[in-house]
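S.K.: Per TrEMBL, the feature [2Fe-2S] cluster binding site maps to A:Cys244, A:Cys249, A:Cys252, A:Cys260. Taken from TrEMBL, the feature domain 'FAD-binding FR-type' applies to A:10-108.
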Amino acid sequence: MKLDPKRSSYLPTPATLKRKEKLSEHVSLFVFEPDNGTLLGHKPGQFIMVSVYGVGEAPFSVSSAPVPDSKQFELAIRRTGTVTNAIHELEPGDRIGIRGPYGTFFPVQEFMGKDTLFIAGGLGYIPLRSLLHYQLRHRDEFGRIIVLVGTRNPRERIFTDQIMELGKRPDVEILETVDQPDQCWEGHCGVITTLLPKVDINPENTYVAMVGPPVMYRFVLSGCEDKCIPQDRIYVSLERRMKCGVGKCGHCQINGLNSCIEGPVFRYDRIAPLKEAL
Amino acid sequence: MTAYTVSMEHIPGLLEKWAGELDVHVPEQDPDGFYNFIAWTPETEIAWDYDLAYNSLKRFFLPPKEDTLSFDMETMRAEPVVDAPKQLLFGVHPYDLRAINQLDQLLEMGEPDVNYLARRQNTVIFALEPSRVAPTSFWASMGYDRVDLGYDLYWTRISPSSFYVEVGSTAGEELLLAAGALPQATGMEREAAKRERLRVRARSIKQGGLKYPWQETPRLLDKSWESPIWRNNSKYCLSCGSCVTVCPTCYCFDVREEVDVDLKKGKRFREWDGCMLPSFALVAGDHNFREHAMERYRHRYFRKGKYIYDKIGELGCVGCGRCVRACTSRIANPKAVYNELWEATYDEA
């Protein structure tokens, strides 16, 4: 095999922050553009590795839909550790390093002509937003779009304006809940599974895309079972600790699978037998 | 198959030649009695009959700490760092070479790891037939008493003063003939080498190993997720990571970086990490996917006995027995664990 050290898989390429916007107390949206003028070329559900030199590198799902005529892409990031704090300190014009996109993605071709039930728990809305916006851009090619959004409390809700706009569209059904309401919250209360009985779906014609905190999956999957949705039409994204992004470092293993290359998006029937998946 | 006979007295001259071109590493016995690979000097007494090198040889391809990137924090630009010294490992036992062959596959798969592969490409390997078996080793029963590829030369001691040396690559042959022509081995010498191999193999088998064919291990593990052995043994686990540190096929790493004192430039590096360490599967939000020692302990045996097998068709445990020696709690013996699982599965059947 011919080796070219300049083509190390571990070498990021530069990208520049174009804009940032606060989404909640701890979460902000960051709009980046690769310096080399190329498209990121990601598919909904994929992630990239972001480097802030001097601090470190971490994986983030891309939140924007792939748009052929735009070189910009969006990440929504919660301030939670050293790398995410450093990203929050960036100002427009500042540079980061990126590698990727990596991993599997939601099979949008397969979803075409079918209904899609989105189930987004907390920050799970971030990667699902890529698929959702893709479908909205190609609205005619997809059936019903049903979106369930669950957040711990009203203060932690993200993309609130966009979600409100979606609520006004006749071609999108969106239901939102919070686990712990405050005095101002007038919407639905309870964990995200409590929204499932409220939606009427055709199990023969529906695909499910779900992302959320680890604790969410088992309950929501049993809810999907109650709705008779077959396992091979449910896609979940499972995030683990990724250090290399290319299946080498071992951190993101789910039993024998590397979630960075064989995931993060898995068809549920494939991982249902795995003990460490859900 | 080309093979030569090399007499013992010829070797110092050859080593002298090789050391002029490459960093040569050979097995040596240290004052405490442990064998280890060290950089060769004319004073080095090579431990031809070593049974097991205390540390595995993965460090020559995947150093405990290795720079992968240098970066400039003012321009936010980075360059890859790929350091690959020309080196020769002389005296590698078959089970250790099989471990290296596994790493070759696993690190080339998908996106090739250029740092590893550059080191591998710049390394010449002279395999050596073991003449003794370490008390903790069980490599023959794991199917790792033989190696058919990955070496440049394969040395077998066929008398106190001579070696049968089989050629594995042109580079190996050129190095062997660097100090002049050597006699081609005779058919009798080849037979002597074969007898020596079978003698050592028989020794390893006699010492005891798996009580069942090694190929059954993945299926055995399929039935053993809930076995009480995981909890019983891991009660004593100190989560120290010694077993993964000495393991020749463990290659997990962490990625970190350090910055120069002037805060302008820095390096990203990787260093050995291990699935037995408590924070290995910890993610943001403080969720730990393998929080308990039991889960980590079990993962290691599944990784060695099933997950690696599912990827490359070989067990990730080559039976060297280094982990058996390194574990102060005496719970890291793969042979004992797999045999116990086997017996438990049969008793229930």
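Each Cβ is built from the backbone N, Cα and C atoms, and glycine gets one as well.
TrEMBL: automatically predicted annotations, no manual curation.
Explain the structural surroundings of these features, please.
M.R.: When secondary structure is read from DSSP and collapsed to three states, A:Cys252 ([2Fe-2S] cluster binding site) falls in the coil class.
Summarised as a single figure, the pLDDT of the domain 'FAD-binding FR-type' (A:10-108) averages 96.
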S.K.: Neighbours of the [2Fe-2S] cluster site A:Cys244, A:Cys249, A:Cys252, A:Cys260: Cβ within 8 Å of the Cβ centroid, same chain, sequence order.
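M.R.: Once A:Cys244, A:Cys249, A:Cys252, A:Cys260 are set aside, the remaining close residues are A:Arg241, A:Met242, A:Lys243, A:Gly245, A:Val246, A:Gly247, A:Lys248, A:Gly250, A:His251, A:Asn258, A:Ser259.
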S.K.: Using other CB atoms within 10 angstroms as the count, which residue among the binding-site residues A:Cys244, A:Cys249, A:Cys252, A:Cys260 scores least?
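M.R.: So among A:Cys244, A:Cys249, A:Cys252, A:Cys260, the binding-site residues given, the one with the fewest Cβ atoms within 10 Å is A:Cys249.
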S.K.: Could you put numbers on the helix, strand and coil content of the domain 'FAD-binding FR-type' (A:10-108), residue by residue per DSSP?
M.R.: 8 helix, 44 strand, 47 coil
